[in-house]
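S.K.: The structure that follows is given in the form of structure tokens.
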């Protein structure tokens, strides 16, 4: 059985959304127009391209080159967090976590560093960094497509919270000890010039497609050709389950939005920008911020507070962002630590940050209104 089929069949989250989407199709009111095709195609193009980056070793090469220049444990953590923050803006929060968690675990073992807290911060800054661009995470991709946002318009939404996130990042390494270290031995990865050139051109075309500057089906074709040229194994390794999950999200949300009492409750929570922000953040804690963005966007034209709400909503519970669950799975896989120490500590830290960012978000909304 192919690897990608095994992944789909073993994905519990996908199993739940499949059951719910089947129930929605059988008993709910669903229209084919509920499925945002642009978002699905854009996500497919991005997944393929990012898969090529992973399979060719480019991401690991970039990360290891920068980290090897660090001279103290605090610098290692700062560089890792910066890579997570800025890398997630382009390569998505999931890829930042998939790439950096194993690298940091390797470094931590060599330096005898504690792993739990840094990995939690890697996850937090992957989520916060990905919020800055329309292609940094799935909910941004959807919101940019749904509201037809240009890159400039989206950056107007994300710049204020993005600057706050960056200040938070620059202060966070002071929570860790600053111990001098010697050179870190990491396996070097050689990348051919041809590979770099093809990836740069492909990336520009795919991002242009996501931003509606180039046909989105053309962007998908570019990703397919890139994978065929550089690493055909990518086709069997990418997460097709997330594409199916997104289609199911659209089906479920379409059915929910047509249930009268659900629609009435959501409308009550979306009457003002501040309430839209709070509804987005709180609903994300229970259904995750991607389906929250899809569901709530049908009831509001307040794109800025909704964006802030689902961005803030990625903090808090483990299911608030699927990236949180991914980080836990990565940590358990690479450390053989199956205990609840990581998730409980992650939820505690994320819970405190959720309260802080709720206050920050309300402050930003008040400033916009004045």
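Indices start at 1 and increase along the chain as displayed.
Glycine is treated like the rest: Cβ placed from N, Cα and C.
Pulled the feature table from TrEMBL, pasting it below:
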- 12-32: transmembrane segment (TRANSMEM)
- 16-298: domain 'Citrate transporter-like' (DOMAIN)
- 38-64: transmembrane segment (TRANSMEM)
- 76-104: transmembrane segment (TRANSMEM)
- 116-136: transmembrane segment (TRANSMEM)
- 157-176: transmembrane segment (TRANSMEM)
- 196-228: transmembrane segment (TRANSMEM)
- 240-257: transmembrane segment (TRANSMEM)
- 277-299: transmembrane segment (TRANSMEM)
- 306-327: transmembrane segment (TRANSMEM)
- 347-367: transmembrane segment (TRANSMEM)
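Each of these features: where is it, how hidden is it, and who are its neighbours?
M.R.: Note on the transmembrane segment (12-32): residues 241, 244-245, 247-249, 251-252, 254-256, 258-259, 322, 325 of its chain, located 6 or more positions outside it, place their CB under 8 angstroms from a CB of the stretch.
Long-range neighbours of the transmembrane segment (116-136) within the same chain, counting only residues 6 or more positions beyond its ends whose Cβ lies under 8 Å from a Cβ of the stretch, are 42, 46, 77, 80-81, 84-90, 92-94, 96-97, 100-101, 104-105, 108, 143-144, 149, 151, 154-155, 158-159, 161-162, 165, 168-169, 172, 175-176, 207, 210-211, 311, 314-315, 321, 323-324, 327, 330-331, 341-342, 345-346, 349-350, 353.
Distant neighbours of the transmembrane segment (157-176): 73-75, 77-78, 81-82, 85, 117-118, 121, 125, 128-129, 131-133, 149, 303-304, 307-308, 311, 360-361, 364; these residues of the same chain sit at least 6 beyond its ends, with a Cβ under 8 Å from one of its Cβ atoms.
Proximity of distant same-chain residues to the transmembrane segment (306-327), defined by a Cβ-Cβ separation under 8 Å and at least 6 residues beyond the stretch ends, is recorded for 13, 93-94, 97-98, 101, 119-120, 122-124, 126-128, 130-131, 137, 139-140, 143, 157-158, 161, 276-290, 292-293, 296-297, 300, 343, 346-347, 350-351, 353-354, 357-358, 360-361, 364-365.
Long-range contacts of the transmembrane segment (347-367) within the same chain: residues 120, 124, 160-161, 164, 273-274, 277-278, 281, 285, 304-305, 308-309, 312, 315-318, 320, 324, each at least 6 residues beyond the stretch ends and with a Cβ under 8 Å from a Cβ of the stretch.
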S.K.: Taking 38-64, 76-104, 240-257, 277-299 as candidates, which has the most Cβ pairs under 8 Å with the transmembrane segment (196-228)?
M.R.: 38-64
S.K.: Within the domain 'Citrate transporter-like' (16-298), what mean pLDDT does the predicted structure show?
M.R.: 88
